[in-house]
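Annotated features, as they stand in Swiss-Prot:
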- 1211-1274: domain 'LRRCT' (DOMAIN)
- Asn77: N-linked glycosylation site (CARBOHYD)
- Asn267: N-linked glycosylation site (CARBOHYD)
- Asn305: N-linked glycosylation site (CARBOHYD)
- Asn361: N-linked glycosylation site (CARBOHYD)
- Asn680: N-linked glycosylation site (CARBOHYD)
- Asn692: N-linked glycosylation site (CARBOHYD)
- Asn746: N-linked glycosylation site (CARBOHYD)
- Asn936: N-linked glycosylation site (CARBOHYD)
- Asn970: N-linked glycosylation site (CARBOHYD)
- Asn1122: N-linked glycosylation site (CARBOHYD)
- Asn1152: N-linked glycosylation site (CARBOHYD)
- Asn1171: N-linked glycosylation site (CARBOHYD)
- 375-396: repeat 'LRR 12' (REPEAT)
- 601-622: repeat 'LRR 18' (REPEAT)
- 903-924: repeat 'LRR 30' (REPEAT)
- 973-994: repeat 'LRR 33' (REPEAT)
Amino acid sequence: MGLEFFFKFGYAFLTITLMIMIWMSLARASMFDREMEETHYPPCTYNVMCTCSKSSTDLGIVHCKNVPFPALPRMVNQSKVFMLHMENTGLREIEPYFLQSTGMYRLKISGNHLTEIPDDAFTGLERSLWELILPQNDLVEIPSKSLRHLQKLRHLDLGYNHITHIQHDSFRGLEDSLQTLILRENCISQLMSHSFSGLLILETLDLSGNNLFEIDPNVFVDGMPRLTRLLLTDNILSEIPYDALGPLKSLRTLDISHNVIWSLSGNETYEIKASTKLNLDNLHLEYNHIEVLPPNSFKYFDTVNRTFFDGNPIHTLREDAFKPARIREIYMRYCGLTNISPVAFDSLVNSLQILDLSGNNLTKLHHKLFNNFDVLRVISMRDNKIKIQKPTETFNAVHYTLLKLDLSGDRNDPTNLQTLRNMTRMRNMRSLSISRLGSSSVGPEDFKDFGVELEDLQITRASLSGIQSHAFKHVRGLKRLDFSENGISSIENDAFHEIGHSLISLKMSHGYSGSALPAEPLRHLTSLQELDFSNNHISSMSDTSFHFLKNLRLLELHDNRIEQVLKGTFQGDIHSKLEEISLRFNHLTSISQHTFFDLEALRKLHLDDNKIDKIERRAFMNLDELEYLSLRGNKINNLADESFQNLPKLEILDMAFNQLPNFNFDYFDQVGTLSNLNVNVSHNQIRQLMYNSSWSGRNEHGGMYHSNIKILDLSHNNISIIHPGYFRPAEISLTHLHLGYNSLMNTTRDVFGNMPHLQWLDLSYNWIHELDFDAFKNTKQLQLVFFGHNYLSDIPQDIFKPVQGLRIVDFSHNHLRGLPDNLFYNGGMEKLDVSHNMMLKIPSSSLSSLAALTLCELHLSNNFISTIHSMDLSNKFRSLRYLDISYNYLLRIDDAVFATMPKLAVLDLSHNRDLKVMDKSFMGLENSLIKLGLENISLSTVPEIRLKYLREFRLGYNELPSIPQELAHNMSNLRMLDLSNNDLTNVPLMTQALPHLRRLMLSGNPITSLNNNSFDGVNEDLEMLDISNFRLHYFEYGCLDSLPHLRSLKLTAYSHLEHFNIPHLLRHHYNIRQLWIEAPQPFTRIVKKGSGPTQEMQTLQLGNPTDLQREMEGHLPSKLTNITFSGPQFTNLNERILRGMRSPYLYMQLFNTSLQALPPNFFKYMGRVRNISLDIRYHNRNLKKIPNPNTGAVPYLPNSVFLTDLKMSHTDLNCDCDLGWVEFWQRKRRQYICSSQTWTDTVFRTFMNSPCQVYGRHNCDEHDDDLRETRCENKGGQQLMEALKFDLECGWDNANCREAAFVVVMVCVAMVFWM
């Protein structure tokens, strides 16, 4: 018996070990993929536009991101490639057989213009391609034929496309390989039975963000035995599809958040199989419409380890609400809960481990709520209104098991640590988060009965003013402390004495009110790794402040008033582990010699937005690992030679937005020798690039100085002269040179003619009148040349003859009347832009046959071209896919003139006012053309055009009284039809015969009525509709009811229509995401008055201005997250128009309005909105004031709004204290959203509840630049950023100046009377 036991134990142990190994290998594989995504590689040898992990003929991992590549790089076709990533490159096509010799494992093409995948696109990769990622393209169907033979494909991502249907055979051939299938953010409205038939090893299926309103019970009837993750978030499901989920026996994660589910009970109209019981690890039900959880709500669930109800309007939890399921973790945050039955969780007494009820409206906890709970470990009641009346009885049952307790929040009743300690005897407590203490200081007696197990302590928003000596002597195991959002002025020297060995993170952001960094208390923290004293009043720190912090890795001191960093503050032998320092937004005035010296681990150094005007020699020296150094937004006007010395791995040096009068290569000594050094000195005050002292000749030993700069940005200066030979120190290193937005007059060989590795040259937005014929004599590797927005009238014929690899040329916005013959002699041309010139004909003779053969895009708009001859578009343009000849003077299009361009997919002939389009004008394009623009060409009838593959057809601004029915037959695949600003008097009947129509624009037509039948017959899957600027006199609210899948609607606030109301119009449209509201435009209507001989005609003036109070009264759709108010007739908006918002997120835009200001209380009436982004960039010339949108002091407080993003560049505002809130908000944003420190979110918040996850950090720097490009009209055009930093002193608490002045006056008056 004993031997048998050991055998069984051995087999079990072996099995478990094998499973763990498999799991670890898969986890490591996914981690490896993520590492591959994030790792930075050097530029490719063959093309520096991309990065490669290898430099040989085997290129390894290739990244091409944010650089123009209309076609795949030719180097890929000539090498082995492990991974290829093409992101936002303008790619339009994957050529058949192009990748066949690469042996590729992973292909990612995202953010491009792929409209289809050829059947032979992946020929040769049948046994090598494992991952195919094609999101954010223009695909409309699953490329099943091209995928069919990929035997190893395990990961397929087709998200963010326009796919509408899934066929039975869409994934044929992938049955034995596909494990992950991502179809999120497409246009799928229904799933047919057996849609995923045969995918027996599929593990993850993502259908998020589609238009699914129900799931067919037979969709997963085959069982899909390995499917563990099913993501259905952000659809329009009204119930949980229990019958469809029944066959999925391995399902562990079900995400149906952001739908319109009202109940967990299922459909009452038919019986759900009793055997359908779900066993899940994660059930996501966030942001649905669940209002109540009745008893036995989980009758179709057996086990649910984690259940998420966040954001549902649940107000009451009844008894046995979670019966009969076994649930370990419940997250019910920001629901508006006001009442919980004392026996609501009684069915979970043996299973519940985590209960998070943060952000609700609970005022009390019943003292029997947690009775009999044996395993409850985490309780979070953060940001409620709770007053615990019987604390001892409330927590008595869990005082042995509770590990984490969160009672923080300034609406909760004040927490007395002594009472908390007595009521719980929490000897096992690991994490505690509280606010509003009964006392103003923390002392040793406060933690007397807490155990050494306490590791994480957060006391925020508690109005603390002091920390006493030995305050933590009873909790010696503390690892993390957070005292943010306090007013601590005193920290006694021995406050941290007992936790110096254990504390690894200390955060006191916006929590310390002293003027000097408390160095003495910090000397005990020898194990500290992260220190955050940001967003305070600190103005000084001693040179020994951090000398005892030998393990420090991250130091955040941004948003203070520090004036100087003394030499010796950071020392290499002490701070050998320091990786990142943030001193941005302080008052530093200079950087002295050896300030940052010998810090061997330092990788990032942030010094942006100070007052630095001088940097001394060797200020930055011997920083072997430094990769990023930002000095952006200072006042630097004096940069000493060799200021930067021995920084071999520096990749980015940002000195933009300073006051540099010149730029000298002598600033650098051994900088960037091991990296791809990018130096940004844009937005300075450089007027001349004079002869460099670094090239004054050879030194006494005969050597020369050489720079390692590869990317140099000198744009947005006022450079008018570049001395010959100026770039000589960098000639052999430069690959990118940006000189746009300057005042250059010409280009010469002495400046640009000897840069053998230069591949990107930007000279746009200058005053260039002429180009020397030999300007690029020895600059033979140029790929991209930008000469747009200059004054060129002539191009030398031989200027590009030495250039071998030219691909992209931009001559737009010049004065060119033509281009010389054979200007582009060598092959490889991909894009030519000569728009906005004075061209008289298509410059076909300027491209040799070799150059024209590879051309993909040709931009000819806004010229004087009057005819297109067959010779102009001869057989040379066999690869052309994009042709724009809009805004010219074309008169006629000959028959079949485009027939010699078999790949032409996009053609724009708009705004040729006298153009005559014949029936046969597009002959030859039947199988290729996808987008056609014929706007504003004076059409009165639509020619009979047969383009069966056309998807987008623009006919706006013509004179069409009707649209023939035959058009629908000839363009049966049409998806977007623009008929705006014609003479249509009703919705054309032909729109009913377009089965794939998704976008319909009818704006500006003289349509007078919309009734309940107006859109009957139009494809019910229509997603975008524009019905703005009609001349309506009759309107019915059911006119849009036949379009249930509408996502985007543009309409006018028809104020002249009685009872016109937008929320009522959208009451049944649960899928609306975007709403564009146009201001009513005035128009006249002639009506008959009287009868008989006394009858007379009367003119009525309609379309009067409105503030939208009546038109926006009511509840808006719950998915509505994007609202735009547009039109110069908007002069005022009512402060309550967004009171009906039911989404937690809102992006609001003001576009071309006449608003002078938003109402002061506008953002106080935002419904359920918690996070708002505001965009006022476009044509709001009268707007001068913006009230503070923030109604909460920190992000994501219940019943309050926090601004997440603000875009207002190129606007002129009044910069006074009414706008002073922007500075306060900026600091909060950097504190909570842009912080480098994340431990407070992962430690003090329960699962998946981090503000950083909500907001992200991707646009933190972009926001700062937006404020730099916003000007102060009342301060002579000063940058708003500079005004906020130094001029607008409006008080730390964002007090209004007038209010503060009023208070001061009243106090003075009171004192006078008292005296």
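Every residue gets a Cβ built from N, Cα and C, even glycine.
A map of Swiss-Prot features onto the structure.
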residue : record                      : CB count, 10 Å
Asn77   : N-linked glycosylation site : 15
Asn305  : N-linked glycosylation site : 18
Asn361  : N-linked glycosylation site : 17
Asn680  : N-linked glycosylation site : 21
Asn746  : N-linked glycosylation site : 14
Asn936  : N-linked glycosylation site : 20
Asn970  : N-linked glycosylation site : 16
Asn1122 : N-linked glycosylation site : 19
Asn1152 : N-linked glycosylation site : 16
Asn1171 : N-linked glycosylation site : 20
Remark   = Mapped onto three states, the DSSP assignment of Asn680 (N-linked glycosylation site) reads strand
Ask   = How does the model score the repeat 'LRR 12' (375-396) in terms of mean pLDDT?
value = 84
Query = Residues sitting near the repeat 'LRR 12' (375-396): Cβ under 8 Å, six or more positions beyond its termini, same chain?
reply = 350-369, 402-409, 411-413, 419-420, 422-424, 433, 1197-1198, 1246
Remark   = Counting only residues at least 6 beyond its ends, the same-chain positions whose CB falls under 8 A of a CB in the repeat 'LRR 18' (601-622) are 553, 558, 572, 575-595, 628-647, 654, 659, 1264, 1281, 1285-1286
Query = Of the glycosylation sites Asn77, Asn361, Asn970, Asn1122, Asn1152, which sits closest to Asn1171 (N-linked glycosylation site) by Cα distance?
reply = Asn1122
Task = Express the distance between the Cα positions of Asn746 (N-linked glycosylation site) and Asn680 (N-linked glycosylation site) as a whole number of Å.
result = 23
Request  = With DSSP as the reference, give the number of residues of the repeat 'LRR 12' (375-396) in helix, strand and coil.
outcome  = 6 helix, 3 strand, 13 coil
Message = When secondary structure is assigned with DSSP, how many helix, strand and coil residues does the repeat 'LRR 30' (903-924) contain?
response = 0 helix, 4 strand, 18 coil
Ask   = If H, G and I count as helix, E and B as strand, and all else as coil, what does DSSP give for Asn746 (N-linked glycosylation site)?
value = strand
Note = Asn361 (N-linked glycosylation site) falls, by DSSP collapsed to helix, strand or coil, into coil
Inquiry  = DSSP-wise, what's the residue breakdown of the repeat 'LRR 18' (601-622) into helix, strand and coil?
reply    = 0 helix, 7 strand, 15 coil
Ask   = Going by DSSP, how much of the repeat 'LRR 33' (973-994) is helix, how much is strand and how much is coil, in residues?
value = 5 helix, 3 strand, 14 coil
Request  = Measure from the Cα of Asn680 (N-linked glycosylation site) to the Cα of every one of the glycosylation sites Asn305, Asn361, Asn936, Asn970, Asn1152, then give the nearest.
outcome  = Asn1152
Candidates Asn305, Asn361, Asn936, Asn970 (glycosylation sites) - the one closest to Asn1122 (N-linked glycosylation site) by CA = Asn361
Request  = Can you figure out which of Asn77, Asn305, Asn361, Asn970 (the glycosylation sites) comes closest in space to Asn936 (N-linked glycosylation site), comparing Cα atoms?
outcome  = Asn970
Inquiry  = I need the CA-to-CA distance for Asn77 (N-linked glycosylation site) versus Asn970 (N-linked glycosylation site), whole Å please.
reply    = 38
Key: Asn970 (N-linked glycosylation site) versus glycosylation sites Asn305, Asn361, Asn1152 - nearest by Cα   = Asn1152
Ask   = Cα of Asn361 (N-linked glycosylation site) to Cα of Asn1152 (N-linked glycosylation site): how many Å, rounded?
value = 40
